[in-house]
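Here's what TrEMBL has on this protein:
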- 6-24: transmembrane segment (TRANSMEM)
- 36-55: transmembrane segment (TRANSMEM)
- 75-96: transmembrane segment (TRANSMEM)
- 152-176: transmembrane segment (TRANSMEM)
- 183-200: transmembrane segment (TRANSMEM)
- 220-241: transmembrane segment (TRANSMEM)
- 253-274: transmembrane segment (TRANSMEM)
- 306-330: transmembrane segment (TRANSMEM)
- 350-369: transmembrane segment (TRANSMEM)
- 375-399: transmembrane segment (TRANSMEM)
- 411-430: transmembrane segment (TRANSMEM)
- 436-454: transmembrane segment (TRANSMEM)
Amino acid sequence: MASFGFLLSFLAILLCTVAAGIAAKRSVRRSSDFSNAGSSLSAGMVAGALVGGFVGGTSIVGTGELAFQYGLSSIWFTLGGGVAVMLLGLSANRFIRMRVETLPELIGQQYGERSKLGASLFLSLGMFIQVIAQLLAALPFVSVFWKGPVALIAFVPACLIFAYVLAGGFMGASLVGSLKTGMLILLLAGTGFWLSWQMGGETFIRWWEEGRFTLTVPEAGLGWAQGAAMIVGIFSTQAYLQPIFASRDTRQARTGAITAGLVIILIGLVSSWIGMYMRDAYPLLVPREAVPQFFLLHSPAWLAGAAYAIILLSVVMTGAALTLSIATILHRDVIASYWRRKRSDTQQLALSRLLIIGVILSAYGFVCFDEEALILHWAFLAMTLRGVTVFLPVLFFLFRLAPVHKGWAAWAIWGAPLLTLVWIWAFLPSTGIDPLYVSSLYSLIFLIAGRFCARKTAPSLRPSS
């Protein structure tokens, strides 16, 4: 049972963020405010939204979990993610000029309605898988208050995700994300200084000799493929492009994204450090408990409570950003495309919130049935699935490698994620070849074939100027 000091600081942090969410709700007057903040975000809010959307259970708890088991190779999720977010910033001008609210909308403009539907469904599936990972990561932070069945413990973060995303949509995610980012930087920077003071140089020498600084562990599925999956996955994820689309201008988007990328990498390094430290100190500890137990065992009660609140908030904010993106895609690119009935702005807002409830309840159901899954394994699958679906089609658009025949493009966009799922369960165990390579090659072949086909016939589409 948590102490009074723990509970006091825990509740104080949560109340501060709830206040920010309520303030954001007052700014939501139209459905566009709910989904993209009315394109008004400053650099700080862009950075807050990106860090708030990315740094969650997978970045902190999942990285610490794998670092406990395999060492520094756990850094791939945050290293690849940080580099990808900075590349987003460098490409901000191209993305802003798209003048679209969702990635499937872009796919539909360039490659037709069949491709748009495939992109909508598989991008949503990939983000849904990562929502599951966030709920898994939240379990040890809730169980500190009481022990109970996973159905009860998982229900708490599910409700928190619902509350935060409902409070103010993307505007709420941006404001609370900025607040959370500041607190998270202070917490992990302080943790890094403490670890530096606590550990001597001989520890790092021993870790090097033990091979714990290696970046590739093939038997654990950790290596360059995972870094590549993160880059293509970030560029293919609505939740991480949404802050770019919602920025005030290109300069604000670029500054915010580069800042966020650096913060993400540093957070991953400290989380890995915690995991390796806890492996030395408590070798029998359950790996998923490495980060939560570190703060319980090595900090005063008030600081542990604040740390739990900040990290739980990170989990909730990432889940909220992903959930909002799924709802936005399903609403605008699936339902609106196939249900032509005119709806008022109030009805559209209600539909978005109904979709959010459905996504959260579905993810909650999966967690109840598979509570022992490794957090980052879910996250890498989610990134791979999203990346192979739209990364190359978006790249063809950005670099004007068009026209591409709509039929061939549809085969690429539908076939690559399906091949990924089949490869993971049927061929990955025997071949050891990452599905990212196989499915990306498949997509590239069909897109190139579509380009040659379009050149021989009348172009079915042309790049936007």
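Even glycines carry a Cβ here, placed using N, Cα and C.
What TrEMBL says about a protein is an automatic prediction, not a curated fact.
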Key: Cβ pairs under 8 Å between the transmembrane segment (253-274) and the transmembrane segment (183-200), at least three   = yes
Ask   = For the transmembrane segment (220-241), which recorded stretch in the set 75-96, 183-200, 436-454 gives the largest number of Cβ pairs separated by under 8 Å?
value = 75-96
Inquiry  = Can you work out whether the transmembrane segment (183-200) touches the transmembrane segment (75-96), with the criterion being 3+ CB pairs under 8 Å where the paired residues are 6 or more apart along the chain?
reply    = no
Note = Lying 6 or more residues past either end of the transmembrane segment (306-330) yet within Cβ distance under 8 Å of it, the residues of that chain are 6, 9-14, 17, 35, 49, 52-61, 101-104, 120, 123-124, 127-128, 130-131, 134-135, 137-138, 141-142, 144, 157, 160-161, 164-165, 169-170, 173, 176-177, 180, 183-184, 187, 237-239, 242, 291-292, 295, 299, 352-353, 355-356, 359-360, 363
Ask   = In the same chain, who gets a Cβ under 8 Å from the transmembrane segment (436-454) while lying at least 6 residues past its ends?
value = 225, 228-229, 232, 384, 387-388, 391-393, 396, 401-409, 411-413, 415-417, 419-420, 423, 460-461
